[in-house]
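Asker: I have a structure here, written as structure tokens, and I will follow up with some questions on it.
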Amino acid sequence: MRLSLVVPCYNEVEVISRFHQALGQQLGTIGQPYEIVYVDDGSSDGTLDALIGLAATDESVRYLSFSRNFGKEAAMLAGLRYATGDAVVIMDADLQHPPELIGRMLAEYERGFDQVIARRTRTGDPATRTLFARAYYWLINKWADVELMDGVGDFRLLSRRAVDGLLELNEYNRFSKGLFAWIGFESILFEYENVKSAPDRKSRWTFRRLLEYGFDGLLSFNNKPLRLAIYVGLLLTAVAAGYAVWVIVAAIVQGVEMPGYVTLIAAIIGLGGLQLVMLGVIGEYIGRIYYETKQRPHYLLKQTNMDPAQRLEKRPAPDGRTTRGR
Ligand code: UDP
Ligand code: MG
């Protein structure tokens, strides 16, 4: 069998050679034939030159370079499209995904698993973040159509058929965590100790980005927020009807009074707010439809040492049909 590694890199010039060395050492001890597909996601710090340098000395190195920063999801997609191995391991370039775990992943793959998932523990994470994460995963697993798990990221091994499955999912808004769960297949999970990011390195996960990522997850895999709007609307209508009946009965029994200024203001502002929220939810879905209908490519290539036609755009399916892996 042949192993492919897919490594998205964005401004990783400081660690890339250290990463490559650590990875090469592990792969050497494993002893399977392999290729490493580095995807330079429009770095501005010379990562591409570093990759070209690696490719010059190591013939297992393939690289793809984007015309600008398209995001990690696009970089992973590109890597998966060009990877040719029987199994593919996706890992970060910043040494937060320990290369020592690849051997274990391969062992599980040989036992017949299609997805071998490495799940990080939360040691070293700020307590508030851990709390938010717990609450979020509880919420999303109640709602979403796919099961998502805390600590599970992109670090995993995928069999060829799992990769082909992923490549059939063409959506522009890619929420990988959900896509991995969506394709299914036999999966196994093991834990590894969290590796803290380098102290001088700012995580790209600011609170705001986490919040936005959270909404993405919620909206990408179900239409339940829309359903919620219907339920809340029905509930409020029922409450309003009940209140109206009560006011009418009170007026008949006790005569007409004119209090309720505060109630009125509260109701107007409250309902106005609710309507804006629901409009926002609808807008989010429409926004997604807008981006999907444009059918833009996920990224543009600037440079590569591979044959651009190698991309697995059309692959013959086992039954002779042609499936599009774009
Ligand atoms: N990355 C990328 N494009 C981006 C941001 C990140 O390809 O726009 C890569 C980055 O080089 C790294 C991996 O994705 O290999 C994870 O990024 P990072 O370490 O910043 O995220 P975190 O570890 O905080 O999830
Ligand atoms: Mg990282």
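Every residue gets a Cβ built from N, Cα and C, even glycine.
Predicted automatically and left uncurated, TrEMBL annotations should be read as such.
Feature table excerpt (TrEMBL):
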DOMAIN    4-164  domain 'Glycosyltransferase 2-like'
TRANSMEM  228-252  transmembrane segment
TRANSMEM  264-286  transmembrane segment
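Mind running through what each feature is packed against?
Answerer: Here the transmembrane segment (264-286) has Cβ contacts under 8 Å with residues 215, 219, 223, 225-226, 229, 232-233, 236 of the same chain, all six or more residues outside its ends.
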Asker: Could you tell me the mean pLDDT over the domain 'Glycosyltransferase 2-like' (4-164), as a whole number?
Answerer: 90
